Amino acid sequence: MAKRDTIRHRCEGAGLRMTEQRRVISDVLDQSRDHPDVEELHARANARDPKISLATVYRTVKVFEEAGILEKVDFGDGRARYEDAERAHHDHLIDVTTGRVIEFCDPEIEALQEKIAAKLGYRLQGHRLELYGVPEATSEEDRVAEADDAIGGDTPAKKAGH
């Protein structure tokens, strides 16, 4: 990730005061490939700097969200989770048995959404798609590999050669 594309750099560019604790939190967010809630974010940041309190993480996340740097996502499990607001567009498949969130982008779905909007007389400006499901495959490795095949994605399983 180029320096100018980091959450830290965008915070600085937005004129936010970047304390050492905010720098740690922004770096943890940059390295997250999932959708951490505040408690998970605190655990990761606290592992790097034990002085970071849960209250500090809550305040920092709120500041980053208000600045448009983080986006809050809610997958219906009662936990607010966060992701980089400037990440490339993607949709989510939520495993309702484990809460695991799988990101995907399918050109056919994207085209269909544009077509539906046009058919109804609209020009699509954005959307959010969340699919909720239960796994059919017997192992998580099989499910991830099947997801890779279904969407042509580059998930960790594919990178690991599964």
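Glycine is treated like the rest: Cβ placed from N, Cα and C.
Features as listed in TrEMBL:
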BINDING   HIS89, ASP91, GLU110, HIS127  Fe cation binding site
REGION    138-162  region 'Disordered'
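The structure, with features from TrEMBL marked on it.
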residue: HIS89; record: Fe cation binding site; DSSP class: coil
residue: GLU110; record: Fe cation binding site; DSSP class: helix
residue: HIS127; record: Fe cation binding site; DSSP class: coil
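Counting only residues at least six positions away in the same chain, the Cβ atoms of CYS105 sit under 8 Å from the Cβ of HIS89 (Fe cation binding site). Each of the binding-site residues ASP91, GLU110 was assessed for Cβ neighbours inside 10 Å, and the highest tally belongs to ASP91. Counting every protein chain shown, the number of other Cβ atoms lying within 10 Å of the Cβ of HIS127 (Fe cation binding site) is 13. The Fe cation site is set by HIS89, ASP91, GLU110, HIS127; from the centre of their CB atoms, other residues of the chain with a CB within 8 Å are HIS90, CYS105, ILE109, GLN113, ARG128, LEU129.
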